[in-house]
Structure formats: C-alpha cells, structure tokens
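Participant: I'd like to ask you about the structure that follows.
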Amino acid sequence: MPKKSDTTRKLEDVGIEIDGDVDSAEEDKKSKGKGGKKAAGGKRGKASEDGEDEDEDDKPPKGRRAANKKKPAPVDEEDSDDDIPQRRSAGNRRRGNVRERGDGDKKKSGKKGRRGGKKNEKGKGKDSDKDSDKDEKKKKNSSGDESDSDEEDESMSEGEMAKLMEEVEEKKKLIANIRNKPWRMRRRLKVLKEAQQFVDKFEGALGKGKGRKLYAYKVMMMKKWIKFKRDFENFRTACIPWERKIKEVESHFGSSVASYFIFLRWMYGMNLVLFSLTFGLVVIPEVLMGLPYGSIPRKTVPREDQDTAMDYSVLTDFNGYCKYSVLFYGYYNNQRTIGFLKFRLPLSYLMVGIGTFGYSLMVVIRTMAKNADVGGGDGEDNEFTFAWKMFTSWDYLIGNAETADNKYASITTSFKESIVDEQENQKDENIHLRRFLRVLANFLITCTLGGSGYLIYFVVKRSQEFQNMDNLSWYEKNELEIIMSLLGLVGPMLFETIAELEEYHPRIALKWQLGRIFALFLGNLYTFLLALFDEVNAKLEEEESIKNASIWFLKEYYANYTANNPNDTGTPPPINPADAIRGPCWETTVGVEFVKLTISDIQVTYLTILIGDFLRAFIVRFLNYCWCWDLEAGWPSYGEFDISGNVLGLVFNQGMIWMGAFYAPGLVGINVLRLLSSMYYQCWAVMACNVPHERVFKASKSNNFYMGLLLLILFLSLLPVVYTIMSLPPSFDCGPFSGKERMFDVVMETIDLDLPAFMGTLFGYVANPGLVISAVLLMVLAIYYLNSVSEAYKNSNNELKKKMQMARDEEKNRRNNKDSTNQVMKDLEDLLPNRPPTPPSPRENIAEKNQGQGGKSAKVKPGTAGGVHLQKDVSLASANPNARGPVTRAPGPRGPGPLPGQPGAGRGQGPPPRRQ
C-alpha cells in the first residue's frame, strides 16, 4: 500500500475530498488505479482538474438540496450567500461531501506551495495561473448565485411550505403566550428573542414569485396594525381617570372599599354625559340666542329685592340673582323658536328632561347586564383558595418598587379576606337565639324608619308656617335641610350598632345595612316630596289669584295711560319688568329646595370627614403618647371607612339630582363638581385618616347590588317628574311651558305645526290607551318568558357545574386510589374470581425470564390469595387497567438495575441485566 502524505491523510480524516491539483502525479495514477475510491458514494462524477469543474462540484445538486432541505433560505435577493442555510443529508455528511469555499482554496494553494519535492509537473507558474482562472470564473459565477438561490427557494414542495407555515404559527403562538410559561425571566427573554428572529427571518418565505413582495407587505402591515392596537389599548387604559388612586386604595383597604370609588367614578362619567346634554341643548342656547337679562319680568329681579339681591345670606339661600338665572326653570322663555337657527327651546327642554331618565335607565341596565356574567365559571376559586393565591398572585413583570409594595399589600389583604370567608363557613351558632336577635333588630330598625319619616313631615309643615313670618333665625330658615342631613348622618351609625345583634357575614351584613339606609333615605326623600307637593298645591291656588290680579293691573295701566295722555295715539310703553306682578313660580321653588338640599348634603359630608376622620386621626396620632390610655387600641382609635353610608349617600344624592334636574338645569353641573371633588377629598381621607376594617371581606365581583339600588331610586325619581309633566299645570309667567295647559302639550304643538298631517294621526293611534295597555302587557309577557328561559339556563349551568365537579372528584379519587393501601380493599380484590388481564410490568417480565432460566419460583405479591396470577392483580378503583400506578415508596437513590420500561439500560453501580 503506497504511503500517503501527511497533508493528504489530514484532509481525508476530516472528510475533505482531495482534488487532482493537490495530489502528486504518482498519487494521481494510484487513485485512478483504485477505480475512483475517493468519490463519495459513487453518485458523483470524478472531479475535473480545471477550476470550473471544481466550482461546479462545490455546489450541491439542486434536486437533492430541495428534497433534503428542512428550512428555506431567505427570500430577499439582497441576502448574501452566507445567509443561505446549507442543507445536506446525513449520508452526504458521512461520506465527506462537505467542501470549503474561499478560505479552503487559499489553504490549498498555500499547502501546494509548501510541498517541495511533491510538486506537479506544471510548476508554480501554472498553479498560479490556474488559481487566477478560478478566481475569475468564481466572479463570473457570483452573479448567478442569487438567481440560483431563488430557484432553490421556489423549488420548495408544498409539504415543506406547509411545515414552515406551521412552525411560523407555532412561534407566533409562543410569542403571544410567553407570559403564561412557568419559566425564569432569563429563559423567557431568550426564547422570545429566538422566536422573534425565526418569525422575522422565515415569514416572508411563505410567498412565491411575484406575490412574495405583496405577502411581505401584508405581513408588515399586520404587524404594524397589531402594534397600533396594543399601543391604543395601553393609551386607553392610561386615560381611565383615577385608576392609580383606586388601585392604591384597593391594595391597602381591600376590594370592598375600592368598589365604592369605582362606583363613584362610574357615577361621575354618567353625570358628565347628563351635564353635556343639559348644558349643550338647554343652557347654552338660552344664553346665546335667548333674550338677555332684564328684558322680561322672568329674567329680572323684582324692584323690592334688588337692594339685597347680592347679599351673601341671600345668595346662599339661592335667592336674589341666583334665583333669576339659568340655574332654575323660571329663567327660560316660552318662545317657540329662538335665534337665527330657529331653535325650539321648549321642545328641547322637555326632550332633555325625558332623555335624562332614558339615558340613565339605559346605562344602568346595560351595566347590570354586563356585570351579570362576572364571576361565573370560576369553579377553581372555590377549591384550593390559599394555594391559588400563594402560587399565582404575584406578577413577575413588576419593575417598580411602589407597584411592588401595592401588590404586596393587595395579596396580604386578599389572604385576610379569604381567612374571614373560611372562618364564617366553619362557624357554629345557636339558631334559635340568632333568630330572636335578628327579629328584634329588624323591629328596632322599623321603628327608627317610621320616626324619621314623621320628623321630616313635621319639619316641612313647620317650614311652610315660617314662610309667612319675618325676622327668622338662621336655624329656622335652614331647619329642613339640617334635620335631613342629621338623619342621614346619625341613621347609618344607629343601624350599624343594631346590626351587631345579627352577626351576619360581613358581605351579607353590608347588604342589609345598605338596604336599611336606602329605606331611610328613600323614606325621607318621599316624605319631603309629599310635603313639598302640598306646598305646590297651595302655590297653584295662590297663582290663580295673582294671575287675575296681573290681568286687572295690566288693564288698569293701559286705562290710566290713555286717560293721562289723550292726544297720544300710539301704543302705550311696556311696563318695566322689575315692576311687573310676579307669580309664585312653583317650579323654581321646587328647584331651589333641591339645590339647597344638595348643597347642605355636600357641606355635612365634607365636615363629617374633616372632623370625624381627620381630627380624630390627628388626636390619636399626636396625643397618644401623653394620654391616660392607648388611644389607638381603645377609644376613639382610628376610623374605618363607612362603605354603606358613603354608597347610600351617593345613591340618595343621585336620586335628588334626577328629580331636581328638571326644575333646576344647573343642578347637574353642581353634582359634577361635587363628584369630582369627592374623589380627591375622600381618596386623601381614606389613605391618610382611616385604617382597614378589622374583618376584611371581598366585595362582589360585580357592583350589581349598587346598580340595583340605583335602578330602584331611578324609577322612584321618575314618578314625580312624570306626574308633573302629564298632570300639573305650569306657571303662567315663568318657564318654557308657560301659557299651556300641560307641559306635554308642547309635543302635540310640534306635531301639529311642524310635521305632516298623517304623523299626527299616527301619533294619535299610538297614544291610544288600548294600544298602550296591549303593548305593556306584551312587554310584561316577553319579560316573563325571557326570565323563565334565563332561569332554565342558569339551572342547566349549575347542573353542568355539579357534573363537572363530580367527574373531577371521581378522577382525583381514582388517581389517588390506584394502588390502595387499605387492607380490607386488598382482601376484597383477592376474592374476585374474574379480573381483566393487564400487561405485566417490565420488572415482572424480567422475573419471569429469570424463572424460566434458573428454575426459580415466581414471586407472590404480599396480600394476594393463592392461585391468583400477578398479571391479573387489578385495583378496584382503577377504570383503566393500563394506567400507571402511583409511586408508593419513599424518595431516595435508585438502586442497581434497569430503568422501568428499559430492561437493557442499567443504572446505578450494579451490572445491567443478563441478555438472552
């Protein structure tokens, strides 16, 4: 065997085929004699001696490359050749078909120069000429590399294209769900970066030919659209008002306190829309296009009141200039159209009044429907509560220290809430004593409600007597507002004291407390309305006499003017608006009462927070060191946030706004300012002055209980306004409906004058009582049917939940009891005559083989009866005989022997099992 050179041996060891230029003449002849032994696999022709054949051999066949390729090359023509992945089969790699470019050629030429006596007959000059020819031909062929790569990409089969598409989709899913992976952050970032690089590199390769650029453009636009939606969602979340404040409160005081501020924010949004409707369609048109102040009597302060119209005491009572302003009903003119736009102000006033209730009703019902499904389908929350909170509560993407502190406080509070729920579920009680105490508590609360209603009715009657008296004190002027505010302040505290007898769960106790305070506020409000309507009826009687007197006064004025100026044939000058006789304008009187009630409620609420919370916390904080007892642990201690009182205060105040907005359009703006200031003021108070409740509890996942109270008071607030519109006659000298029999007549006037005749006929048919009653009955039947269907669906869902829970429990028991440790169950299993066979485990197979060879007896499992084979030993609790049994041994190092399921793979220090 001829001896090979060192260079040849090294090149063959690494799998590089030796070309004719490298070998010497003798080796070239010997290689020819061996019949092309160095040709890999015989599939490729012998390498030629010139550079052109060598370059062609460097490129693999296109067909084989397309068949063996798993990942396509980049599709862009601008990509370099280094980016094209080299795909070769395993057989070609074993045969040494991998060739080097560029640097390999330089190494070959360098090694040729160092060979000395084994040079070729052509010499150095010929070798250098050949190398230069190779470089020139490579440059000529470099222009065709890009077209060759494109042809190779286009030669991908449909299966490879589908496989690549699946891989790209999998990477996209991984990118979308990377947060849900239980990995460390370093691994998440690494996997995310790799997936993004893979998608960016191969997503454009899914197009073909001319459609590739269009596909790449679509992919780019899709990415930009997804990024835009994500940024817009972040922007919309950032635009939610007071989100950070509410989250901070929730983290320290629990979800129950945060639910109040969420409800307050929702109320602010709804009132902002009502404010836009009222000011945009009523107040601003009257200010811009209506008659100015002082032009007519309803817009002018009477002459006898002008001297005191700007006094502070008068303005705080909303008299003087406040009474004759756009804040109240009486300021608006009854002209059918105003301004150059011919704006129909009376119709707009009525439609806005009705639309306020319509929009509020729609928003409340929609919110309740949206929250109805919140909290459904969360069966896992009822099991392993503390395990879920322990292992899934923390957010590992938090990077802010303040956010981490809030999250820590929130998790701590949620654990306290769950502990309270667990304690309430396990509490034992004396049922008879509990029933007696609850009946007693309800009796005391009923007496309190009745007494507060009688007190308000008595005060309203007394205030009517004060109106005819002069030189009243401040208390006598504001007695009604003071009594109602004090009842709203003292009543909830009294109810909370009585509720201690009942010992309800905190969440249930909160609902009872809310219901009782709601009954107190609603009773007070309706008592106030009944007493107020008695005053309205008295003013209507007074208005008739004043109307007759004003007509007589006008006739007397014209007669006196004609008598005093007999030569004047012109029209007499109009009466000065300040000197005209005024009616009582009962709508403005009602509006003033509602505004005063709202302002007094705001004052009492803010003073209560300032004195009852801030001053109390100040005393406890700074006087505790020099006091006789511990002020923090004993009396007075820090205050707790009164959820029920504050929620019912909001609901009660909103009911007054709905009722009074028709008589005082400016009341909606006052309420918006109140809610805006309450958010900042109460957030500061609760964070600075209050402490969390001793019994922290979770709020309901939806605020539907609050919404239910709001819906009820909305309906009850609608009744007085509808009664006013349809039944009571408007004042004759103030307001947009003056001069009409009923306020609703403005709609009939618009239909008769502005719409075609058939519209009036159609509206008359629609307003027919028979049709209205039929429609109402149909709606009631539809509601009953839908409610029945909803109850049926709810029962079906509950049954399905029970079945799913039973199936989950059964599967859990079956999995846990596969290898029963109960001796009685084992004895019962041994006595069963017929059992389904199970395939033997690998250990049993090895034991049987050893028994067949060595003649040893088969091992008998402890506890099994005689004559029962080990293969037939099946647990009663196992439904699947092929299921793997649980691990019943203690964890520890595995001994010598094969792994389970791998008889030939030894593990440990012992030898592997003997092979047959």
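The backbone N, Cα and C atoms fix where each Cβ goes, glycine too.
What Swiss-Prot lists as compositional bias 'Basic and acidic residues' is 1-13, 97-107, 118-138, 804-818. According to Swiss-Prot, the feature region 'Disordered' maps to 1-159, 804-916. The compositional bias 'Acidic residues' annotation in Swiss-Prot covers 14-26, 145-157. Feature annotation from Swiss-Prot assigns compositional bias 'Basic residues' to 31-45, 62-72, 108-117. Look at Swiss-Prot and you will find 272-292, 345-365, 439-459, 479-499, 517-537, 650-670, 705-725, 763-783 tagged as transmembrane segment, backed by sequence analysis. For 293-344, 460-478, 538-649, 726-762, the entry in Swiss-Prot reads topological domain 'Extracellular'. Residues annotated as compositional bias 'Low complexity' in Swiss-Prot: 883-892.
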Participant: Cβ under 8 Å, sequence separation of at least 6 from the ends of the transmembrane segment (763-783): give me the contacting residues as numbers and ranges.
Facilitator: 751
Participant: Could you give the number of helix, strand and coil residues in the topological domain 'Extracellular' (293-344) as assigned by DSSP?
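Facilitator: DSSP composition of the topological domain 'Extracellular' (293-344): 14 helix, 2 strand, 36 coil.
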Participant: Pairs 6 or more apart in sequence, C-beta under 8 angstroms, 3 or more of them: is that satisfied by the transmembrane segment (439-459) and the transmembrane segment (517-537)?
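Facilitator: Counting Cβ pairs under 8 Å (6 or more apart in sequence), the transmembrane segment (439-459) reaches the transmembrane segment (517-537), since there are 3 or more.
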Participant: Out of 272-292, 345-365, 517-537, 650-670, which stretch has the largest tally of CB pairs under 8 angstroms to the transmembrane segment (479-499)?
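Facilitator: Going through each listed stretch, the top one turns out to be 517-537.
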Participant: Please compute the mean pLDDT of the model over the topological domain 'Extracellular' (460-478).
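Facilitator: Mean pLDDT, the topological domain 'Extracellular' (460-478): 74.
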Participant: Same-chain Cβ contacts of the topological domain 'Extracellular' (726-762) under 8 Å, 6 or more residues past its ends?
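Facilitator: Same-chain contacts beyond the flanks: 297-298, 329-334, 336, 344-347, 349-350, 536, 540, 543, 547, 550, 582-588.
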Participant: With DSSP, how much of the topological domain 'Extracellular' (460-478) is helix, how much strand and how much coil, in residues?
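Facilitator: The composition, in the requested order, is 11 helix, 0 strand, 8 coil.
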